[in-house]
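Engineer: Supplied in structure tokens, the structure appears directly below.
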Amino acid sequence: MGDILFSSPQSMFSHTMNKNSILHTHSIIGKTFFSEIGIGISGNSFLLLVHILKFIRGHRPRLTDLPIGLLSLIHLLMLLVAAFIATDIFISRRGWDDIICKFLVYLYRVLRGFSLCTTSMLSILQAIILSPRSSCLAKFKHISPHHISGAILFLSVLYMLIGSQLLVSIIATPNLTMNDFIYVTQSCSILPLSYLMQSIYSTLLAIREFFLISLMVLSNWYMVALLSMHRKQTQHLHGTNLSPKKSPEQSATQTILMLISFFLLMTIYDTIVSCSRTMFLNDPTSYSIELFIMHIYATVSPFVFMSTEKHIVNFLRSLGKRVINFNLH
């Protein structure tokens, strides 16, 4: 108290400037985050609508149509929940109670788990599509959507069970006076776990992430090997001077490969940051930046998937030409 009473005007001015700078930075991050969420919601809504129309019109579904359509729905719901949670981070405290905190945060984590499991399944299915007829994976090319849905549901249930400790550890904290709490929003925090419980949870979390990431890494490696082998065979048949024309499946595979590789980096980053926040950090600004980075995949993915759909690209081009012609007239 004495330090505050007898502090110099310069130090008080410096403290005020630092506080204003932090608030300004927080405001910029918030505006950027909500812009990201808006773009992601628009993209996923459009992609979901496209897949619904394809289903209604009776188009023959491809092996990857179900997981891509499901991903758009998952990401749409996840971004909506994230936007609602973010209002308690960037705008104002809503005074949520324990039930609301547990419901929102756990629902958000469940949707993120669905995203991880569905992306893992998508990488496996894309590897199956690319596999040659002589491959042992070729027999799975005619797998039914029911089996795909069952596999995604099984992985998601395992993911939910391991993360169910959040239902106990998430609480409403109207007044953050203890440093032991881990910041989630202005109204919600995570209770610190004992060393034993933290060790058990971290081990289960590591096993879960390692299993799903391993599936994606193996399928990605398999697809890269197949693409490389096909390129060498084509160059051998047609000569090195001619650039071989890519099939639609190969172009789609390369695009999905880049997207899944990016998702892998984001997942590894999220795991590292989550563990470090649990053990060392509790900074709302760092947490806000982490939130922005974590949602890049959900925001970018629908546009990447749409770029592989020739009929969507043609539709958007024709729509753009109509808008330009309308403005000219």
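Just so you know, the numbers here start at 1 and follow the chain as drawn.
Cβ coordinates are placed from backbone N, Cα and C, and glycine is handled just like the others.
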Engineer: C101 forms a disulfide with which residue in Swiss-Prot, given the options C188, C275?
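Structural biologist: Answer per the record: C188.
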Engineer: Quick check on the record annotations: which of N175, N241 is tagged N-linked glycosylation site by Swiss-Prot?
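Structural biologist: The N-linked glycosylation site feature in Swiss-Prot corresponds to N175.
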Engineer: Hey, in Swiss-Prot are K54 and K141 both on the same membrane side?
Structural biologist: yes
Engineer: So how many of the residues in the topological domain 'Extracellular' (87-109) end up helix, strand or coil by DSSP?
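Structural biologist: Helix, strand and coil residues of the topological domain 'Extracellular' (87-109) number 17 helix, 0 strand, 6 coil.
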Engineer: For a quick check of packing: other C-beta atoms within 10 Å of the C-beta of C101 (disulfide bond), how many?
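Structural biologist: Cβ-Cβ neighbours of C101 (disulfide bond) within 10 Å number 23.
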Engineer: Cβ under 8 Å, sequence separation of at least 6 from the ends of the transmembrane segment (255-275): give me the contacting residues as numbers and ranges.
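Structural biologist: Sequence-remote neighbours of the transmembrane segment (255-275) are 64, 116, 119, 122-123, 126, 202, 205-206, 209, 213, 216-217, 220, 223-224, 290, 293-294, 296-297, 300-301, 304-305, 307-308.
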Engineer: Find the member of 33-53, 110-130, 151-171 that has more C-beta pairs under 8 Å to the transmembrane segment (210-230) than any other listed stretch.
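Structural biologist: By the under-8 Å Cβ criterion, the transmembrane segment (210-230) pairs most with 110-130.
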